[in-house]
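> One structure, pasted below without further comment.
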Amino acid sequence: MNTATGFIVLLVLATVLGCIEAGESHVREDAMGRARRGACTPTGQPCPYNESCCSGSCQEQLNENGHTVKRCV
């Protein structure tokens with residue numbers, strides 16, 4: 001095998017591996033996105049937004065340090 005043939009083989013291999021990796025990362029991104037959208041915050045846990053609570057309700061409460069935090073109720 002001469003240098004040109006070796007170079008072409010490596011180029012094809014890199015292209016195939018790049019396409020496979022690009023496809024896998026796209027699938028992982030979709031799966032992670034679906035998991036994030038499907039998850040909700042359980043009761044008693046801090047909630048940055050009302051829509052992230054499983055109950056759909058977020059309320060300000062005092063924590064153990066006396067600070068006001070929003071928690072799912």
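Each residue, glycine too, has its Cβ placed from N, Cα and C.
Quick caveat, the model's predicted, so the values are computed rather than measured.
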> Swiss-Prot pairs Cys58 with one of Cys47, Cys54 in a disulfide bond, so which one is it?
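So the cysteine paired with Cys58 in Swiss-Prot is Cys47.
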> Looking at Swiss-Prot, which of Cys53, Cys54 bridges to Cys72 via a disulfide?
Cys53
> Per Swiss-Prot, which of Cys19, Cys40 is disulfide-bonded to Cys54?
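In Swiss-Prot, Cys54 forms its recorded disulfide with Cys40.
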> Of Cys40, Cys54, Arg71, which is closest to Pro46 (site 'Critical for insecticidal activity') if I measure between C-alpha atoms? They're all recorded positions.
Arg71
> Report, in whole Å, the straight Cα-to-Cα distance of Asn63 (site 'Critical for insecticidal activity') from Cys40 (disulfide bond).
21
